[in-house]
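In Swiss-Prot this protein carries:
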type	residues	note
BINDING	Arg129, Asp145, Lys151, Asn161, 193-196, Lys248, 262-266, His269, His285, Lys354	7-phospho-2-dehydro-3-deoxy-D-arabino-heptonate binding site
ACT_SITE	Glu258	active site, proton acceptor
ACT_SITE	His273	active site, proton acceptor
REGION	395-834	region 'EPSP synthase'
ACT_SITE	Cys816	active site, for EPSP synthase activity
REGION	857-1051	region 'Shikimate kinase'
BINDING	Gly864, Met865, Arg866, Gly867, Ala868, Gly869, Lys870, Ser871	ATP binding site
ACT_SITE	His1168	active site, proton acceptor
ACT_SITE	Lys1196	active site, schiff-base intermediate with substrate
Amino acid sequence: MAESSSNPTRINILGKDNIIIDHGIWLNFVAQDLLQNIKSSTYILITDTNLYATYVPSFQSVFEKAAPQDVRLLTYAIPPGEYSKGRDTKAEIEDWMLSHQCTRDTVIIALGGGVIGDMIGYVAATFMRGVRFVQVPTTLLAMVDSSIGGKTAIDVPMGKNLIGAFWQPERIYIDLTFLNTLPVREFINGMAEVIKTAAIWDESEFTTLEENAKAILEAVRSKNKSADRLAPIRDILKRIVLGSARVKAEVVSSDEREGGLRNLLNFGHSIGHAYEAILTPQVLHGEAVAIGMVKEAELARFLGVLKPSAVARLTKCIASYDLPTSLQDKRIVKLTAGKECPVDVLLQKMAVDKKNEGRKKKIVLLSAIGKTYEPKASVVEDRAIRIVLTPCIRVHAGVPKDLKVSVTPPGSKSISNRALTLAALGEGTTRIYNLLHSDDTQVMLNAVAQLQGASFSWEDSDVLVVKGNGGRLQATSTPLYLGNAGTASRFLTSVVALCNPTDVNSTVLTGNARMKQRPIGALVDALRANGVGVKYLEKEHSLPVQVDAAGGLAGGVMELAATISSQYVSSLLMAAPYAREPVTLRLVGGKPISQPYIDMTIAMMASFGVQVQRSAEDPNTYHIPQGTYKNPETYIVESDASSATYPLAVAAITGTTCTVPNIGSKSLQGDARFAIEVLRPMGCTVEQTDASTTVTGPPVGTLKAIPHVDMEPMTDAFLTASVLAAVASGTTQITGIANQRVKECNRIKAMKDELAKFGVTCNELEDGIEVTGIPYTELKNPTEGIYCYDDHRVAMSFGVLSTISPHPVLILERECTGKTWPGWWDTMSNYFKSHLEGEEEPHSSHVSHEKPRKGNPKSIFIIGMRGAGKSTAGKWMSEVLNRPLIDLDHELERREGQTIPEIIRSERGWEGFRKAELDLLEDVIKNNPTGHIFSCGGGIVESEAARKLLISYSQNGGIVLLVHRDTDQVVEYLMRDKTRPAYSENIREVYYRRKPWFEECSNFRYYSPHPDGSKALTEPPFDFSQFLSVICGHSNHLEEAKKKPQSSFVSLTVPNVSKALDIIPKVVVGSDAVELRVDLLEDYDPEFVAKQVALLRSAARIPIVYTVRTVSQGGKFPDDDYALALKLYRTGLQAGVEYLDLEMTMPDEVIEAVTNEKGYTHIIASHHDPKATLSWKNGGWIQYYNKALQHGDVVKLVGVARELSDNFALARFKASLAAAHDKPFIGLNMGTAGKLSRVLNGFLTPVSHPALPSKAAPGQLSAAEIRQALALIGELEPRSFYLFGKPISASRSPALHNALFRDNGLPHQYSLFETDNAADVKELIRATDFGGASVTIPLKLDIMPLLDEVSDAAKVIGAVNTIIPVGSGDKVTLRGDNTDWMGMVYALRNAGVVKVSKESPAAGMVVGSGGTTRAAVYALHDLGFAPIYVVARNADRIKALAESFPADYDIRSLSTPEEVAAESTAQPSVVISTIPADKPIEQSMREVLVASLRHPSVTNGKHVLLEMAYTPRHTPLMQLAEDAHWQTIPGLEVLAAQGWYQFQLWTGITPIYTDAQAAVMGN
């Protein structure tokens, strides 16, 4: 550590020079000063475990050399983080001190950040009624804030710092060298307190902070690994820390015990602490205070004591240090997993603030930068606080009569953005007055600074001083993020073309989701035509774009379509003087839109020294000379004329008077005409001078409609006109506003939809809107609130209408007005005296606009080698997703009217074929973007252009699926297949050449584990359906697992899945998912791993947890092979695994890549501590929890238990976090002592199985063992299950279910309850321990009225054989179902019967007409059989049966052999017998059956008879079928299968079928 070269600086506090500050004072100075001036027999150095090794041993060495022999230095370390700052740790330290015989002369040294300082200070304050201590802050936050002033405290469940004492340190040693090792986020965190101090006390210090933000951040973020990485800002650093510490010392000296003045140091903390209380520990103190400062400044602005410009300046300064300024900041959302901060909870947290007086909340209000409104915190009512904390605002009518106000709107956004652009491109310094302080201009300021185009500073809080660099801009590697700032995006697209290359040759402009929909195509076309390279990175014709650093336009003649936006024209005009030759700009395509804005740009360019000549011959042509803008000394920005329409409209609608003092007839802005051309014809009195406009409205309710008004010169003002027209008498027609469809939203549609909520009818016109007014007293209540589409003008317009609505109006998205008038709602409150209330967003609000549908509706493109199975996969996909399948080869032939071989043989050749193939691909991507499946030809990837299309499609949310199977199988198949054109080269060579192309084009890969010709290929196999459900976003496994009290996944520890296929079905029983330990596989080749996933999915039939466990985390994968790890993670994502375990020790770039590409796969963010370095008893795990919370859908933390109590510590840790976050959490301890943690974990517990070769982790239990343990400790209550019916004494059901309960570790019991009266079971099925029941004859129908709901199948069948209690506690619902038909289907499928396809129809037959017959008919229909023949004695019963089913079941009676012969084309291939087997078959039925079983058409294919009777086991009908060479299935198979399904419905566990079968058969 560097040492101080001169005497350190001292700061006086409370009359003593006790604050000592400099670089490098820790080692020599501190030890000597302590020993000389703060003498003691015992010094105790307390720090945290992160700092101990770095700073304690070296200090010990120095101290012990200098100390007398009778002086001792003890050291103690606690875990880092806020979690340690509590009663437990304090007690632990005190007990340790007592055990070391520490007495009242002890001096404690608190080395660390705020947590150490606060808590150790409180230990000092209370140990033996107070001992001396010194502060050695190591973080910036502690240096400037918590270490100074003697406030000490611990946290308690009710809040932070609520128990503590004032106890002044004897010394505060601030060694700035500590900051060299401070992590970037911690340094930035501390800057919040530095900004705070300057904001309340010293504007000159605040200006220093503004000017040095770039330099400070560059040094802090530098990759320089040297010990003195902050050397470039050494002097700045000392100045800002010294300045901040001095202010705090001065305030504390004046008011040590917080009588009033010291409250000022709490600026930003009242609201900030409330946020922190909810969001800790994921959000740091400084981050919460940064947001709190912005909110408290907005509060001061709302109360009318702080200028909007000061709020904007404070916000910009905070943002310039990369601190968050709102809860919507992407980093905050990510860090907290989107946790909400409800306003009522925030106000509750604020109610326990120490500054408050009783129930009155006190908040520090700024009156200017560097100055507070009062020399103490001010009392503020909850209503005002609620307004700034909530996203929505409710506006009540009630503007006072006879009101006369003067309102100055913010500077024009249009003029502000142009002024900033011109000043940044100009030479010299200019002062810009009345600049709009808004999101849009902030974006522009940030972007220009990033391009090094100009430097900015503030004077008198609201004058911006711009020093331009004369157009010398530098390309930047960091994308310019423009939010939804449309004006900035258009101006900057041309401006960045002026950049010179740096270490990068281009600049990327991007924005939010809405910005990525807004058009910019015409401007890009013009730039490209002039030689500037511009590339769309996502959607064509919209941001993001990558613009080459061209050093300026080429110049000459440029053409631009100007019918969509005049901003394109202004953008080129302003950049044109820096072209390499003079520019002639021609506007083509029709009359330019918004000509006044073009005129505004030209007039402003003249103010900055460049004269544009409009052509005399063609008014749409402009000549721009070469030159450099010369910045004027001052430039005054007019108020925004579009914004001025709102206060003027309030006067118009409420019959009051409003003056806008700085917009008149000589305005540059077209919207200045609004008062004369719209308000006057509507009945208002308008007085307009050159520079001001005054409007007085007619009596309320007497506005007149305007039959027609062309608002083309003032398009943005049409929204204001529309809300006035809504309450005017008659119909108003507004035209000339077509461009308003492509603004922040489609404003014409927005107006129509939102006015409809008030009961106002509008019609959309081609270029406008028609509004039919109604009396204002008849306006309806828009109960859901007004949705603003993130559009400032929509919000402000409806604010105007709300002032006379008979119902208070809720406006959603209050803050979107920040784009042009951040203080609009303050203006309504302070000037128009509107009563406003802040509200949370209602849950139902505008769901249709915002909430994405579950799943991905985009079309799917299938690629892959010829013969890989694309057509088959396409058919399966079409069936599963119910989407049309289009084979692009067939479609190409259809469109061309030629076969592909004919096209290739024609003069067009291969090149012509590939061109046609590419054109077709482009067409379907453009015209069929959703709801389709396209199977591409194998050679589509041969074309680079086609590859680019597919890559772009997959990167923009589309699915490009690569289908593949074993390469040898594909080659062998193609060698056999003579129906396709032959390859001109070796098949294998073709595949290996195309393989990298297939991989780069696809974002998902299906590796088929099914051998060619397997029975699975006749219908979609389970593994394929499961894969599809994940990649299309239809899987809800995580949601289902969260609802279960217990869930688990079994860890598969095999080197090759193909060698374990026989045991996999057994080991997955009772688990909700199966973990593939990729690190334990014998080969890490991605193709081998993909095959393992495919085989496992097919064999296990449950979701997959895909894990690559590194050596340091307890696995086998190399710790530092990050490239291969990322490749394997991507293999898992492309294979559509349900869960992917992502270790939080991976580098950030790996974590970011995986989380960005995860699609619908759920990330299990994990950290394992096999060496037991962390403890659940303190905050050691918190940093890993925070990181996992940020990146995972599930958090998984695994420690080691050395003793039983470690499991209870883990349980407490989990409980404390569960209260704050509902993210699923797997928390375990490894080792024998940790078994209890596995039993208690609950959610997705990793389990083993006795059949596996080894356990994946020490202490792992099987799922059955966990259930047994839960039963023993009372967490899994025994349930009673029954069979109801009569006679039932011979039933095999008890044997079946009790065996399965036993095998799966369940404590339940299944018993017989014999009765033929449903009333007898009424109380039994409502008992608290009732688990479920089987129902047999004669109660299958009688039981139904006793149930709460019945499944659709049971309704159609008309019988219930299973009762399932759903829910728990008081909310149990009894559901009836029927598993008889499921058992029949399973038994038939087991025998090889497959679902009937439409292409190959087949008939089925049922014998009998009793109760079970209905289930048999349902089963055959489910399998696709039609017609379904019924053979029975009673023709009337057959007729009644047929009529009771829907017509598409096609039920037909067969009563004679002749009828069998007549049905020769559709003889049954499956027969289900439901007649008793203990009596002979009735003769006429026997004849029909013999004729059918022995019909000549049944000699081919599979023919199966399923016998439902099971006594005797081999029935006469089975013999009859076997004699005719039919395959037969005995009735006990169905009994086993239906009971097997019942068990699944009751327990959620799917046992192995053969176990159920063995129990039934008595094996």
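Using the three backbone atoms N, Cα and C, a Cβ is placed for every residue, glycine included.
Among the recorded positions listed (Arg129, Glu258, Leu265, Lys1196), Leu265 has its Cα nearest to the Cα of Cys816 (active site, for EPSP synthase activity).
When other Cβ atoms within 10 Å of the Cβ of Gly864 (ATP binding site) are tallied across all protein chains shown, the result is 27. Annotation note: the residue listed as 'active site, schiff-base intermediate with substrate' sits in a strand segment as assigned by DSSP. Shown are the binding-site residues Arg129, Arg262, His285; of these, the residue with the fewest other Cβ atoms within 10 Å is Arg129. Counting only the Cα atoms, the space from Met865 (ATP binding site) to the residue listed as 'active site, schiff-base intermediate with substrate' is about 40 angstrom. For the recorded positions Arg866, His1168, Lys1196, counting C-beta atoms within 10 A of each C-beta gives the highest total at Lys1196. If you take the Cα of Gly864 (ATP binding site) and the Cα of the residue listed as 'active site, schiff-base intermediate with substrate', they are about 37 angstrom apart, rounded to a whole number. A Cα-Cα distance of 44 Å separates Arg262 (7-phospho-2-dehydro-3-deoxy-D-arabino-heptonate binding site) from Lys1196 (active site, schiff-base intermediate with substrate). Distances between the Cα of Arg129 (7-phospho-2-dehydro-3-deoxy-D-arabino-heptonate binding site) and those of the recorded positions Glu258, Arg866, Ala868, Gly869 are shortest for Glu258.
Under a cutoff of 8 A between CB atoms, and with a sequence separation of 6+ in the same chain, the neighbours of Asn161 (7-phospho-2-dehydro-3-deoxy-D-arabino-heptonate binding site) are Asp118, Lys151, Ala153, Ile154, Asp155. Classification of Arg262 (7-phospho-2-dehydro-3-deoxy-D-arabino-heptonate binding site) by DSSP places it within a helix. Close to His273 (active site, proton acceptor) in the fold, though at least 6 residues off in sequence, lie Gly159, Lys160, Ala288, Val289, Gly292, Lys349, Met350, Asp353, each with a CB less than 8 Å from its CB.
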